[in-house]
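According to TrEMBL, the protein carries these features:
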TRANSMEM  6-25  transmembrane segment
DOMAIN    76-144  domain 'Copper amine oxidase N2-terminal'
DOMAIN    163-257  domain 'Copper amine oxidase N3-terminal'
DOMAIN    305-707  domain 'Copper amine oxidase catalytic'
ACT_SITE  Asp376  active site, proton acceptor
ACT_SITE  Tyr461  active site, schiff-base intermediate with substrate
MOD_RES   Tyr461  2',4',5'-topaquinone
Amino acid sequence: MNPRLPWVLLVGAAVIIFILSCMLLSRGGRSPSCESQPSVVEKTGSMSQSLVFADLTAEEMSQVVRYLQGHLGVPLVEASRAKPSDNCIASVDVQVPAKAEVLRFLDGGGARPPREALAVLYFGNQPEPNITEYVVGPLPAPAYHRDVTVQRYGGKVPYHRRPTLGSEYEQLRVFLETKAFAAAPTFLREVLEYDRTNVAFQTTVPHGFQSGDRVTWFVVFQNVSGFFVHPVGLEVLVDHSSLDMSQWAVSRVFYNGQYYRDMVQLESAYVQGRISVEKVRKAAWDGDFSSMKPRAPRAALFPVQFEPQGRRYSVRKNQVLFQGWSFAFGMSVSTGLRLFDIRHKGERVAYEISVQEALSVYGSNCPGGMSTRYMDGSFGLGRYTSPLVPGVDCPYLATYVDTHSLSDSLRPKERKASLCIFEHNLGSPLRRHYSNLQSLYYGGLVNSALVIRSIATVGNYDYVWDFIFYQNGAIEGKVQATGYPSSSFLHGDGLRYGNRLWEHTLGTIHTQFFNYKVDLDVGGVKNSLVAHDMAFEMTRAPWSPEQQIERPRLTKKVLDTEDQAAFRLQSKMPRYIYFAANSKNKWGHQRGYRIQITSFAGDHIPEASSMERAISWARYQLAVTRRKEEEPTSTSIYNQNDPWTPTVTFADFINNETITNEDLVAWITAGFLHIPHSEDIPNTVTVGNSVGFLLRPYNYYDLDPSIYSHDGVFFTSEQDFTACEINPLACLPKTASCLPNFPPFTYDGFRNM
């Protein structure tokens, strides 16, 4: 070896170390990671006041359970183990105080309303089984309970209307596997290769055809990932109306287009060779075509947003502050995400904005599919809010909030990161203008908005619920639908009811409707509803009378009654419809907030249907009614299992009362028609499946409030637009060249399942 070689290597290594050291030192002039700057969040609202709307804490839920166990004088069984003939606590949620009490506290210096809970109990172990609702308070040390069932619903709620507990579904699964299926061993073994682990069941609702029924079709699928699109052709109708589970029985069986009296008859027909068998290829455990595992290798990472100078919003308990906005948020166990006391520039524009219901009406030539009308609030849009995956469900650096719920159990359940809040740069201008006439300048404002989001997974569907706050004073409510399409077994004339998605899979046609409650308080509690639109008028040109001009003009109408303010689903509605205040802006116009709906809804179920009144809110794209404490929601969790005698009928809210200068509520319905197609495999995308509404200031301000945003950009041809003091965008190489601090990835979605 050349004796000089070691010296050459040492010198080379020293040079490399020196160069790397210089590179590191040269970066010492800036921080390697982003650092928060002094907050520019405007301090509006009071966190202590917002707590009047706060969800129950886990400890408060437990206090309510202990109180009920000790003060009702009847045994209460853990709901997760309860039989239909037991008493149990179905759910516990916060009881939001009456609006008048809250406003006295928030605005009038009145006393804080007592903190209370609403408990729903199933009393199956009574001479007259029923559902009872109690208000329990005051929290955190309960001392009283009031039965509010009659007050809320006009009478006791019959027991058959109860939403189905998880324990009842488990008992039905055991019944199917141990009793029903035991009657057809040969058919199940040879046709389905049944081994007690390879099938999954999907329930259908409502349970029957008339009040008192509790008869449910169970559709059988292969038990694989994405089982919703793996039907095997077998469906079983179970009568579980009796509180004595030993009396449960199979009422009907369907297989590959044919109906049978029960599983015994199906077995007999199969053994005798009188069945047309359509054997389904056994799918791999990952679902094969329904697997969501990526089919492509990893490549360059997708773009990621970050906040180079820290968050520009704050989350304190249940209150959010952002760019002049403030609001309180919560999560109802049945209806999901809801907001209260929404203010812009310190002035309340809405008292409540909340999700009410998600409805799906299916078609099929299989019994389970054709009889399905899901009212997801009955299952629980809040209860089934799912933990969010950072970087996909929400931006990685969003603020994640844990929520608690108590349903189907005596113990509260924590859902980690089940709600997220983030500022979102939409990548487009909120407003802009490039002037190349007369003067030369550019003016614009980035469209950066605040989003609060939850995602509910109810069976096969995932609903992405957003409320979005813009810098111009607009609020958007939006829902995006994804998840798996529901399917039926393809047979006979199945293609009349959808598209073929795989060999034996029919993607079934269905409607999706989403209902919201929007309690606007524009310039105060008392508002009127005003419609502006356009009409063409013919006129002679004043300077040339022999010529005719067709010009659009403004039409105006005050909608005086609830009947005038109820717009049917497919009817023509005024393009500008707004809540008008009793005050005017600088230019003499009534200050207002406009309602603008984005919807592609299919048709509503015919009103002649025996169950239509239970979902009569879906008749209307918009209905504005007087606000009443006794009309807090457009539907009820009890409507699902007895839609023929609905506990709450929204159509009855509309009774032609005057709505001029009153406290008003807008009930908004948006939706879409979904005809599943091959691109819904493996599952449905959100693109094109997004509907909702906008609340937009309409003469509410004297000019666009976003002109006061710190994010504005303006420069002229005569200015040095590369200078930071002229153009903040010129500073980006410096202010945004830090490294964001990404915390380690965590996910708690599979904990305690």
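Every residue gets a Cβ built from N, Cα and C, even glycine.
Values in this document were obtained by computation on a predicted structure and should not be read as measured data.
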Taking DSSP H, G, I as helix and E, B as strand, the domain 'Copper amine oxidase N2-terminal' (76-144) contains 12 helix, 26 strand, 31 coil
Between the residue listed as 'active site, proton acceptor' and the residue listed as 'active site, schiff-base intermediate with substrate', what is the CA-CA distance rounded to a whole number of Å? 10
Using DSSP, what is the helix/strand/coil residue split across the domain 'Copper amine oxidase N3-terminal' (163-257)? 31 helix, 29 strand, 35 coil
Same-chain residues at least 6 positions away from Tyr461 (active site, schiff-base intermediate with substrate) with a Cβ under 8 Å from its Cβ, in sequence order, are Ala358, Ser360, Asp376, Ala481, Thr482, Gly483, Tyr484
Give the number of CB atoms, excluding that of Asp376 (active site, proton acceptor) itself, located within 10 Å of its CB. 23
Across the domain 'Copper amine oxidase catalytic' (305-707), the model's average pLDDT, rounded to a whole number, is 97
